[in-house]
Amino acid sequence: MDAIITSFELLGTTLIIPMAVIGMTWGIFGGATPGLSPSITMALLLPFTYTMDPIPALVLLTSTYVGAEYGGSIPAILIRTPGTSASAATMIDGYEMRKQGRAGEALGISLQASSIGNFVGILCVILLTAPLSQLALAFKPSSYFALGILGLSVIVSVSEGMLFKGIIGALIGLMIATIGTDPVTGVGRFTYGNADLLTGVPIILVMVGLFAVGEVLEQVANRQPTAHISGGATKLKWPSWAVQLKTAKANLIGSVIGIFSGIMPGAGGTVASFMAYTEARRFSKTPEEFGKGSEEGVAAPECANNADAGVGLIPLLSFGIPASNSTAVLLGGFLIHGLIPGPVLFNRDPTILYGMFSGLLVASLALIPIAYMTLSASIWLVNRPKPYLFAFIAALVFSGAYSINNSPFDLGLVLASGILGYGMRYFGMPMLPTILGLVLGYMIESNYRRSLVISGGDYHIFIEDPVSVIFLSLAVLFLAGSLIREFRNRRLRPQDKEVSA
Amino acid sequence: MLVKHTNALARSLFAATLGLACAAALPALAQDKIAYPHKVVTLVTHSSPGGGSDVFLRDMTKYLKQVIDADFVVENVSGGSGAKAMAHMAKQKPDGSVFYATTPTYIYTSHMAELSANYTALEPLANFFYDPEVIYTRADAPFKTLKDVLDKAKAGRSAWGAANPGSLERITLEQMKKITGVNAAVVTSEGGGETMINVLNGTLDIAIGEVQELRSQLEGKQVRVLAVLSEAPLALLPGVPTAKDSGIDLAVRKFRGLAGPKGLPPEITKAWDQAIPKLLADPKYKADYEAANLVPAFIAHDDYVKFVDHFAMEQKTLLTEVGVVKKK
Amino acid sequence: MDRDILCGVIAFAIALAYLTAAATIPETAIGDTVGAAGVPHLLGYGLAIMSALYVGQRLLVLRAGIGPTADEEGDSRGVFDHPLAAFAWAAGAVAICAVFIFFFETTGYFLSVALLIFAMCVYQGVKPDIRLAAISIGGAVVFWLIFVMLLDVHMPLGIWADLI
């Protein structure tokens, strides 16, 4: 109870509310700009926090963090350009909805899902930091490997009817993930002395290329006078009760996945949002709508991503371990003020944490009105005539890509990924397996090999770790289930398209 | 790969954000500044804004401009673990207007990858600090000394953690294996965070890391430092022996200095040789860098060139021995 | 050729190229039992086998005459009704972007972005008049404000660096 009273007192006496609003607005803006990751958006604010009191400073940074995770979905839905890599999952169905003229609705669903995810995440941080932090310790390299395999197992079900193409796509994604410094020996793989490739191919660049540049190429090359792609309503549309009911399960799945991945350092929001997308599809009553503008497909990843962001504070607050770039910047924010997050801070300076928590709550409340104010303008922008829209998207995408590393090489990478994306469209290959391979490839390979280093090459390590056993069995179950469904469909309708798989 | 980037940045941020800790406003010191031929000096770092070396440099420039009569700006040339910064530096004029903030990373990157410009294109200017490295274990581990760990490794298997695959830390553990003749698996991860979790949950018996990466866990009494990998014990960690005290002839010198393009004029190097001891003696800066767990280690230009050269050759030999670098 | 078979053949070619490149990955003594080249080899052979199987399966399906061919299925959106024409137009857009990237650091951010917007619009059939020029320059101003002024990104100044 004391905690709650203290928090309310702090709300009135310190600059929590204005800082939360400023941070949120800045975060949405940064997240919505392709190329600006949430961590950079936060790092840009760091210098300003030097002179502030610790509580407003931390509230500013954490609100930015929360806002940026939401902001990434705006360009994902509107112009098929993920603002952050985690928002690429939201894009799959979000952009389909926009093409159907339901942009306002898609933005409303993503906003609601983000708010739910935020609240769930922050509540977990406030209530469960101590108990949940123990879970993080249960994750060994073998567990991360198994988690990645579970993520890959959905490829079979998302490429229904074109299993071969799905697997080929996934393998290409995994191959791109092997470029860069080898995670165990440290030698360069496929780098050819190119400095830009040493740290690997940035996922966000490939995603932006595959989707945004691929889309630009397709639209530019399509000379037939097409119907004007309309974003539909020029206003944000809060989801109706029926839609809310429909997305409730997706939000639940998203929250649960977000919580789990948030606690474990190393999984990250991108993995969480893609897993939420595929799990929501797995448990949906209408899985066939996924990829064709499903409301659940927008809600689940968005909810997971935001819950993950909130819960991601737990490893930082309980162990002092930053699990992501963004929390590492936040750690910087703590250290500027001479505070070391970790077990001791909880006992010594609880006021600071309560201040931060109440700021986070204010920020997630402020998300909805702030989004209402900014989104209508964004929708108007993307309803401009097609040639201008795609010319500006190209300029935006390349500007964003350049700002990551200040490297023209990255621009070439984006363009090359765009050509790959265009080719995949021509061959009718599903995008999701490739993206999953790209997102999970590094986690799977590095932890697979780390586990074997620990065990001295003994594969028993994967069945001795209970977490790994659970994930691997789930993967096998899902795999078997989808394969059975695939073959049953094929037998029932032999003349169907499924044959081509 | 995202995860890779995430952790690389996380680690660098984690490693040295402490430099920010006491960044208070400074009163102008009424002392004679050392004359310098350039009005503005650019300090290049391969770390991103807010990252380890970046924070360290921005903090240092505030004090540096009180010592040297010039303004200092920090430029981030990130990417490729220093490879891009080296390529950038190789194109600059060696007139003392631009320097690169170096750590052993740039030597390692030069050895591990074929680059258009590597460390040999640069001339070390002078050294400022060492980052002390320690070996630690979880607080409730059965090991009380480094010897206990080595005994376990001799008897069967032991797993040791280091943050990056191609790094000074990793090679140091490989060296320790060689010196002691024990069998241990050296497990690398892309960030200090994952290594720490695996030490805490017992997957790894010990790990190597910088003191400042462990601040939170040390304060929370979750980890215990078994040995310091420096020549002398650290004031911050009273009672912790060095590896040498424990009978293992191993010390790490993780240096932090500056380097310029090849062919620095003598008046420039002299100015810095004069400036650095003054800088390190500044009591305000001293409080700052001590809070960041940096050990002052001034090495003047002439010695530093030899020092870095020796370090680079030594590491190359080690890397060749373990087969990461091909013999030529 | 059937579109799916072509897809399989290209994937097979990618697998071969990848395996050739993977053969140059150096082996080290401090590695693990899998080695730096282990997973790449697995992926390369996996892709080669999968794409070969796919081509085989498609050939069987075509010969047996069951099911529609990929070409007959067509594309519901009609985007690839005339694939060669579409490729040619896409190649043009790629060329514009490639030129933009190539001269990006020389021309400087502002001018190259304005030119990119202008060129992409003209390529899509917008009349190259004063209005479009104004829109392109206006767009570049907005991008400049966002990325350079607000976000402090070091965009290249290019040949204009000396003038400023």
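Keep in mind that glycine also has a Cβ here, set from the backbone N, Cα and C atoms.
All annotation found in TrEMBL is predicted automatically rather than curated by experts.
Marked as domain 'DUF112' by TrEMBL: A:19-436. According to TrEMBL, the transmembrane segment annotation covers A:7-29, A:116-137, A:144-177, A:197-217, A:252-277, A:319-340, A:352-375, A:387-405, A:426-444, A:467-484.
With a cut-off of 8 Å on Cβ pairs spaced 6 or more residues apart, the transmembrane segment (A:197-217) and the transmembrane segment (A:387-405) reach 3 or more such pairs and are scored as touching. For the transmembrane segment (A:387-405), the list of distant contacts is 33-37, 79, 81, 196, 202, 204-205, 208, 212-213, 215-216, 219-220, 411, 413-414: same-chain residues at least six beyond its ends, Cβ to Cβ under 8 Å. Counted over residue pairs separated by six or more positions, the transmembrane segment (A:252-277) shares at least 3 Cβ pairs under 8 angstroms with the transmembrane segment (A:116-137), which defines the two as touching. The listed stretches are A:7-29, A:352-375, A:467-484; of these, A:352-375 has the most Cβ pairs under 8 Å to the transmembrane segment (A:116-137). Here the transmembrane segment (A:7-29) has Cβ contacts under 8 Å with residues 38, 41-42, 45, 52-53, 55-57, 59-71, 74, 351, 354-355, 357-360, 362-363, 366-367, 370-371, 374 of the same chain, all six or more residues outside its ends. Under 8 Å from some Cβ of the transmembrane segment (A:467-484) lie the Cβ atoms of residues 138-140, 142-143, 145-147, 149-150, 152-154, 156-157, 160, 282, all in the same chain and six or more residues away from its ends.
Among residues of the same chain six or more beyond the transmembrane segment (A:319-340), those with a C-beta under 8 A of the stretch's C-beta atoms are 37-39, 42-43, 46, 49-50, 54, 57-58, 61-62, 65, 68, 133, 136, 262, 264-266, 268-269, 309, 312-313, 349, 352.
Here the transmembrane segment (A:352-375) has Cβ contacts under 8 Å with residues 3, 6-8, 10-11, 14, 16-17, 19-21, 23-25, 28-29, 54-55, 58-59, 62-63, 66-67, 70, 74, 107, 111, 114-115, 118-119, 122, 125-126, 236, 310, 317, 339, 345-346 of the same chain, all six or more residues outside its ends. Mean model confidence for the domain 'DUF112' (A:19-436) is a pLDDT of 84.
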